[in-house]
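As annotated by TrEMBL, domain 'G-protein coupled receptors family 1 profile' applies to 41-290. Per TrEMBL, the feature transmembrane segment maps to 26-48, 60-78, 98-120, 140-158, 205-226, 238-260, 272-292.
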Amino acid sequence: MELYNSTLESGFILVGILTDSGSPGLLHTTISVLYTLALTSNGLLLLVITMDARLHVPMYLLLSQLSLMDLMLTSVVIPKTLVDYLRGENAISFEGCALQMFLVLTLGGAEGLLLAFMAYDRYVAICHPLNYMVLMRPRICWLMMATSWTLAFLNSVIHTSYTMHFPFCMTREIRHLLCEIPPLLKLACAETSRYEFMVYVSGSIFLMPSLAAILASYTFVLVAVLHMSSGEGRQKALLTCSSHLTVVGMYYGAAMFMYVQPSSYHSPRQDNILSVFYTVITPALNPLIYSLRNKEVMGAFRRVLGRFSFIQDGGCHIEAL
């Protein structure tokens, strides 16, 4: 097969879900609404956690990192997708494709590790409450966040560099919403079976231990919750943990289908649906799942709103004088 030698100059064409959809206009509107919701909800959650001193505890510091990752992840992919549809152009440069892949792998990988640390935080808070401030002291909390970002960064550098070094075939069409490893490897003219196996192995190593740690943490939490004497405490713990598990299920389900499932089972339609799920649906739902049923977050939100209202009223009063 003839190699496509001008990929570096011409780049690729993203043939995503909007191009293949039977109702692209309706889908474009839906994705636009979800993206706006993701920006608004994650931005507000970040603002509330930053401004309210009562939320400056490990659980909410980790949650703020999750909101930051979701905000960045959806913004790396969705704005370009929406603008490309309106302009009727789906091109992306070679460098832009590499950058998008690097950022998505970094942010997605960091989120997976962070979810495991959040599960550990809930385990310590419920199973070892007396030792919570020791086991989750600020230094440990910041180390968890730094570990998530660092390991994900290193993993992303390795996979992005190796994936983009392949020669690509005559076609420039990537039948996917964004630049990711599985659809790009389908365009490679070189033998990629060994690397596909390495992606499978590294995906398993990256995802499985974190998922096992999450399941183990929540198993211990469930046992501890069932032995609680306080009905109110039991209900609060169950609500918090069920919220976390919902997020874990959405993230790990999509990630495992994309990076652990053998390449022979991938199809462009399935991959496109999965990509929409973890680039816009999950970022839009995460802050709602964590905040709507959380009295502390909702209370902080009302306090922050009250503070802004007071400042605005004070400014109007000064102008009147």
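Just so you know, glycine gets a Cβ as well, placed from its N, Cα and C.
Counted over residue pairs separated by six or more positions, the transmembrane segment (26-48) shares fewer than 3 Cβ pairs under 8 angstroms with the transmembrane segment (98-120), which leaves the two as not touching. Stretch with the largest number of CB pairs closer than 8 A to the transmembrane segment (238-260), among 60-78, 98-120, 140-158, 272-292: 272-292.
Long-range contacts of the transmembrane segment (98-120) within the same chain, counting only residues at least 6 positions beyond its ends with a Cβ under 8 Å from a Cβ of the stretch, are 59, 62-63, 65-66, 69-70, 72-73, 76-77, 92, 144-145, 147-149, 151-153, 155-157, 159-160, 163-164, 178-181, 184, 206-207, 210-211, 213-214, 217-218, 244, 247-248, 251-252, 255, 278-279.
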